[in-house]
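A.B. asks: Per Swiss-Prot, Ca(2+) 1 binding site is recorded for Asp83, Asp85, Asn87, Lys89, Glu94, and the stated evidence type is sequence analysis. For Asp135, Asn137, Asp139, Phe141, Glu146, the entry in Swiss-Prot reads Ca(2+) 2 binding site. The annotation domain 'EF-hand 1' is assigned in Swiss-Prot to 70-105 on the grounds of sequence analysis. According to Swiss-Prot, the domain 'EF-hand 2' annotation covers 123-156, on the basis of a curator's inference. According to Swiss-Prot, the feature signal peptide maps to 1-21.
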Amino acid sequence: MTHRRLLWALCVAALLGVVAAQAGDQQQMQPNEADALRKKWSAVEVVRDLGHIKKDLAKMIELEGAGALSQDELYFYYFRMHDFDNNNKLDGQEMMAAMFHTNHHEEDDEHDGKVPLIIPEQDIASYVDSVLRADKNQDGFISYPELRTSDLTNQI
């Protein structure tokens, strides 16, 4: 169990490192751009192909760094971006897609001179298993409140 918590903490640290690196390099954005993202990712009908997700994630990080989005909003919209079936819950596949998306986003970011983050698939599967332990109602999904109130996310 300690190994899984450490793995979870490393995954979260990697995600937050990407967020911090992206936020530090971005310029101030207009509040109306934040409102547009809020509207887009709160909508029921969302187009979620990888290219759009990458662009929107980069914009969210930029807006969070500029103070137009709070860190809680950033977490929430990142959660929503990966809720592909719009059931307000993440299953194991959606969590794995979120981790792979974060990994691919880091690898595509060659202009900042950093070494790409490579997360072995086995570690991502272990991460998903550890997150599913936060499933309070044992329905096989993680809701946003379950994720945010779990012991794992309190380590962020």
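For all residues, glycine too, the Cβ spot is worked out from N, Cα and C.
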A.B. asks: Could you check which of the binding-site residues (Asp83, Asp85, Asn87, Lys89, Glu94) sits closest to Glu146 (Ca(2+) 2 binding site), going Cα to Cα?
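C.D. replies: Closest recorded candidate to Glu146 (Ca(2+) 2 binding site) by Cα: Lys89.
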A.B. asks: Write down the Cα-Cα distance for Asp135 (Ca(2+) 2 binding site) and Glu94 (Ca(2+) 1 binding site), rounded and given in Å.
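C.D. replies: Roughly 15 Å, rounded to the nearest whole number.
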A.B. asks: Tell me, by DSSP, whether Glu94 (Ca(2+) 1 binding site) is helix, strand or coil?
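C.D. replies: Looking at the DSSP assignment, Glu94 (Ca(2+) 1 binding site) belongs to a helix.
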A.B. asks: Under 8 Å Cβ to Cβ from Phe141 (Ca(2+) 2 binding site), same chain, six or more residues apart: give me those in sequence order, or none if nothing qualifies.
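C.D. replies: For Phe141 (Ca(2+) 2 binding site), the qualifying residues are Asn87, Lys89, Leu90, Asp91, Asp135.
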A.B. asks: Residues with Cβ closer than 8 Å to the Cβ of Asp139 (Ca(2+) 2 binding site), same chain and 6+ apart in sequence?
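C.D. replies: The list for Asp139 (Ca(2+) 2 binding site) reads Lys89, given in order along the sequence.
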A.B. asks: Starting from the Cβ centroid of Asp135, Asn137, Asp139, Phe141, Glu146, the recorded Ca(2+) 2 site, name every other residue in that chain with its Cβ within 8 Å, sequence order please.
C.D. replies: Lys89, Lys136, Gln138, Gly140, Ile142, Ser143
A.B. asks: How does the domain 'EF-hand 2' (123-156) divide up by DSSP, counting helix, then strand, then coil residues?
C.D. replies: 19 helix, 2 strand, 13 coil
A.B. asks: On the 0 to 100 pLDDT scale, where does the domain 'EF-hand 2' (123-156) sit on average?
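C.D. replies: Mean model confidence (pLDDT) across the domain 'EF-hand 2' (123-156) is 80.
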A.B. asks: Cα-Cα separation of Asp85 (Ca(2+) 1 binding site) and Asn137 (Ca(2+) 2 binding site), in Å?
C.D. replies: 19
A.B. asks: Just to verify a number: CA distance, Asn137 (Ca(2+) 2 binding site) to Asp83 (Ca(2+) 1 binding site), in angstrom, no decimals.
C.D. replies: 18
